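Pulled from TrEMBL:
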TRANSMEM  29-46  transmembrane segment
TRANSMEM  75-94  transmembrane segment
TRANSMEM  106-133  transmembrane segment
TRANSMEM  153-174  transmembrane segment
TRANSMEM  181-200  transmembrane segment
TRANSMEM  206-229  transmembrane segment
Amino acid sequence: MPQSSTARELLATVRDLTHQVRVAQRGTWFPLLVFATITLLAIPVYRYGPYVDLFGTCRSRADQMVCSGENPTQLGYWTVALVLAYAAIAGFYVKRSRRRGVGTPIRPYIVVGVALAILMTAVSILLVFHPLLPVPADPFADPGELEVGPAVLLVNWLASPMAVIGLALLVLAWVERHGALLAYSLGYLATVATLDGRVIHATSRWFFLPHLLVPAAVLLLGAAAFAALRPDRQVQGR
C-alpha cells in the first residue's frame, strides 16, 4: 500500500508540473494583439488602396466601373500581413521560452496559420476565375438578392482573413490546452460569420468599417482580458 500511495503521489506531482508548464507556456494575449493591430492597419488599405485590375475583371463605361472578385491590393496586404504576424508571434514565443527556460510547442500553430493564409490567397484567386456565385450578364445591373448554399458560404469563408485568423486560434487553443481560448475563438468565429453573412448597402466609401472594426474590437478585448489573467501577472500581484 505505501508503494501504491507513493506512485499515485508521484503521478499527481507529474500531472501538476505538466499543468504548470503548459500554463507558463501561454502567451495568448500577444497573438490577439498582433491580429487586432493588422486589422486596424487594414482600414487605410481598404479606403485608399487602389483597385489594381490584376486579373482583368473590371468593366467600365462612361462614369462607372465595376470589378468582380477580391481587390488584389487588399489580398496582397492580408497575405503579407498574416505571414509577418505569424513570424512575429513565433519570435515572441521562442524568445519567451528561452527567457523562462521552458520549451514551447508553438510550431503547429505557426505552420497551420501560415498554411491558412496561403490557402486564403489561393481560394480568393480561384474564385476570381471560377466564381461560385452566378455572374450577371450585365455587370452594371443590380444583382438583387442571391440565395447561396452552405457549401458556397464555406468556400467563401475560407477566403476571409478574419475567418482564417479564428480557425488558427482554435489550433492555438489546442496547443496551449486552453479552454478559455477555445471558447473565445468559437465566439470570435461566430461574430465573424454573422458579419460575413450581412451585406451592407451604402454609398459611403467607409462602408467596410464594421467588417474590420468589430473583429478588431473583439481581438483587442480578448488581448486585454488574457493579458490581465496571465500567470506571471497574477504572481507579481501577490
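Backbone N, Cα and C define each Cβ position, glycine as well.
Here the transmembrane segment (75-94) has Cβ contacts under 8 Å with residues 25, 27, 30-31, 34-35, 38, 41-42, 45, 49, 104, 106-107, 109-110, 113-114, 117-118, 120-121, 124-125, 161, 164-165 of the same chain, all six or more residues outside its ends. Distant neighbours of the transmembrane segment (206-229): 28-30, 32-33, 35-36, 39-40, 42-43, 46-47, 162, 165, 180-181, 184, 187-188, 191-192, 195-196, 200; these residues of the same chain sit at least 6 beyond its ends, with a Cβ under 8 Å from one of its Cβ atoms. Between the transmembrane segment (106-133) and the stretches 29-46, 153-174, 181-200, it is 153-174 that has the most C-beta pairs under 8 angstroms.
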